[in-house]
Amino acid sequence: MKFIIKLFPEITIKSQSVRLRFIKILTGNIRNVLKHYDETLAVVRHWDNIEVRAKDENQRLVIRDALTRIPGIHHILEVEDVPFTDMHDIFEKALAQYREQLEGKTFCVRVKRRGKHEFSSIEVERYVGGGLNQHIESARVKLTNPDVTVHLEVEDDRLLLIKGRYEGIGGFPIGTQEDVLSLISGGFDSGVSSYMLMRRGCRVHYCFFNLGGAAHEIGVRQVAHYLWNRFGSSHRVRFVAINFEPVVGEILEKVDDGQMGVVLKRMMVRAASKVAERYGVQALVTGEALGQVSSQTLTNLRLIDNVSDTLILRPLISYDKEHIINLARQIGTEDFARTMPEYCGVISKSPTVKAIKAKIEAEEENFDFSILDKVVEEANNVDIREIAQQTQQEVVEVETVSGFGPNDVILDIRSVDEQDDKPLKVEGVDVVSLPFYKLSTKFGDLDQSKTWLLWCERGVMSRLQALYLREQGFANVKVYRP
């Protein structure tokens with residue numbers, strides 16, 4: 001079998017040296033992706049296309065599918081490469097190939113020709129089209145919007161019978177641009193923004209700020225692995241996970257409510273910039289869109305950017321949510337994003353949309369930056385190829401209950417402000433308050449003869465914190481969902 005890879009048009013308008021470099025990189029990327037399917041596969045580059053030849057017919061569909069997901073490819077032609085002698089020979093081969101496909105249909109013939117011949121492309125189109133029209137009684141020529149377009153390519157003494165055309169994702173080959181670090185949360189925005197930078201030729205590494213324990217990290221790892229495996233597997237990339245719970249805890253205790261969102265984002269940018277510098281990455285990528293949430297106003301984004309010299313790319317800055325969700329659906333991350341948890345208690349209730357630099361800096365003076373340095377130093381860095389095996393390990397399950405027994409105590413894990421605004425009172429059972437960001441250090445001080453029913457407004461943080469405590473060896477925890 002043979003495939004002809006057509007280049008993304010922006011590649012073809014580059015200077016000769018740049019075009020050759022892009023084609024060389026794309027050829028290498030194709031080899032890296034396809035070698036897992038057929039070790040005998042051959043990839044040959046030319047000035048205006050790349051040929052892929054393989055012997056194992058059983059791998060035809062998977063090879064074709066893989067090619068449609070490699071950045072830099074405009075479209076793929078599946079072809080049968082045969083020799084020919086003259087125009088009549090071209091017609092006979094076209095008739096044998098397309099007879100069944102053209103019965104009862106309207107059609108036209110389109111020919112591309114390279115090399116020296118005694119005929120022109122238009123002459124071949126007329127001769128083959130007329131012959132097909134005469135020999136297939138139910139077929140009819142229609143030059144505009146036909147049911148079937150018969151594509152033929154003539155190159156020297158070879159005829160390429162095009163059996164199918166399949167669209168690629170376009171863009172630039174990965175590796176033609178410099179590396180970036182995507183701040184991935186597993187939601188709609190970060191997945192789409194990561195894809196967009198891969199499509200633009202960047203090798204995308206991933207940085208995840210863990211706010212909710214092992215279950216959340218496993219979910220985000222699966223999203224990152226999916227994106228890499230589907231669109232970027234030609235290159236090795238890193239997945240860096242930073243336990244940000246201590247940072248969130250410090251913010252909730254030391255920072256004014258209205259400034260929390262901006263301060264949290266500034267801390268994330270500081271941490272990600274340190275990771276980027278460590279690995280020689282040139283830019284950060286976020287999924288922020290202008291005005292989508294309070295921290296994404298121009299004033300706040302400017303303040304967030306000011307904490308680092310590292311370039312921050314925001315490919316979705318002008319996109320609306322519907323457009324982003326549609327893109328997530330197209331690339332296959334929508335289902336991941338819809339099931340990814342949101343966190344109660346992490347963002348302030350009355351966030352500022354126009355933060356003042358002096359006030360933000362004054363709030364940050366109360367922050368213990370040694371905590372930020374420590375979580376970055378302890379960040380977990382893994383090769384993304386290992387994630388498939390690691391995420392297969394089962395997360396400890398935790399029981400969810402709607403009632404309570406005589407030995408049960410409800411543990412309200414919301415932030416202090418949320419508890420003050422809406423105190424939890426449940427008749428017939430004791431309620432104890434312990435904010436989620438203190439669970440890792442303070443839960444062991446509680447009466448371990450009791451069964452603790454963790455509760456929060458949405459039930460997401462309580463489940464994740466219960467999972468975390470179970471992993472730490474505490475078997476006396478459940479989730480309370482009345």
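Every residue gets a Cβ built from N, Cα and C, even glycine.
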Looking at Swiss-Prot, which one out of Gly171, Gly175, Gly287 binds ATP in the same site as Leu183, Ile184, Lys265, Gln296?
Gly287
So, three-state DSSP: helix, strand or coil for Cys456 (active site, cysteine persulfide intermediate)?
coil
Please list, for the domain 'Rhodanese' (404-482), how many residues fall into helix, strand and coil according to DSSP.
28 helix, 17 strand, 34 coil
